[in-house]
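Below: one structure, written as structure tokens.
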Amino acid sequence: MFRLLTKSIAPVTKSILLSTVKYNSPLQLSKAEIWRASYPTGSRRSFAEQKAQQQSKEGEEPITPYQPVTEKLDKRDPNYPWKWRSFLPEHTYKPNLNINLERHHTPLDFRDRVARGIVKFLRFFADAFFQKRYGHRAVVLETVAAVPGMVGGMLTHFRCLRRFAPSGGWIRVLLDEAENERMHLVTFMAIAKPNYLERLLVLVTQVGFFAFYTTIYLLSPKTAHRIVGYLEEEAVVSYTEYLKGIDSGLHANIPAPQIAIDYWQLDSNARLRDVVLAVRADEANHRDVNHLKANLLYTKRGEEPAPLSVLRHGEVDPEQVLHKKEKKQ
């Protein structure tokens, strides 16, 4: 009886529902129309976009050189005019080219000296293998440089879950570092194509370094961050030598890849030299961030949140943490 009643009511219900909409059948709706119905274009903007607009109206100077792109276009629109899928306009920024490139951390204890020794050992093999081929050097080493941020962010994430505690922004900082290093790789892939030997080297080095760095981070997070800090110091030196080679004519100052122009908000006529300057500034920032975290752990203040400038690609002096400790004593 119930089945007969259902069969008799179904056609009537279907005709009523179809008469209340513009379309004869829901299947005639396009994906774009379904999307627009689900996500109206008048939805609220993010807090970052609202804050950026407010600062631009008030004429305030940003606290860092970080300049996110804000726009009124809806990024969920299928016709959104942005060709990159690895990053969006708000992820782009202007590099801080005024960052202190000479900053160096003097080892504080035995673990710092071990970290510096490990980095010098790795530098020796990198110099012997790549010599002056800085484009290929960047392609291979950036695949390794993206490992520490991901490992540190992952382990910090798990630690916060176990302790039911916030990260103070450090998870975001470390994962952003890993993503930034990956963007360096994508950029240099458009400049130098690795050969089969270098691809094999990437595979072996990445697996070995991942296991090594994860073990170090589990045993001593301070030592792990110090290793990265010293690695980034060497990266600054390497990119400075790369710039000298470009200026001397040893390396051709070719046009910058379009992905680099969009990611770092460079001029449309930017060259390779502008890209290397931006990458070197990023490496100097990573150097300071990791030395800062190591210094916080050294002074038993590892639970302190990341400074706001660090969250926005700004400059930070890691040695200030040590100066504060001296004043307290």
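Just so it is clear, glycine is given a Cβ too, placed from its N, Cα and C backbone atoms.
Automated prediction, rather than curation, is the source of TrEMBL annotations.
For E181 (Fe cation 1 binding site), applying a Cβ distance below 8 Å and a minimum sequence separation of six or more within one chain yields E142, A145, A146, G149, H286. The Fe cation 1 binding site annotation in TrEMBL covers E142, E181, H184, E283.
Cβ-based neighbour count (10 Å, all protein chains) for H286 (Fe cation 2 binding site) stands at 26. Positions annotated as Fe cation 2 binding site by TrEMBL: E181, E232, E283, H286.
Annotated compositional bias 'Basic and acidic residues' per TrEMBL: 312-329, in sequence order.
TrEMBL lists 46-69 (among others) with the feature region 'Disordered'.
The region 'Disordered' annotation in TrEMBL covers 309-329 (among others).
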Sequence gap of 6 or more, Cβ distance under 8 Å: name the residues on the same chain that satisfy this around E283 (Fe cation 1 binding site), in order along the sequence. E232, A235, V236, Y239
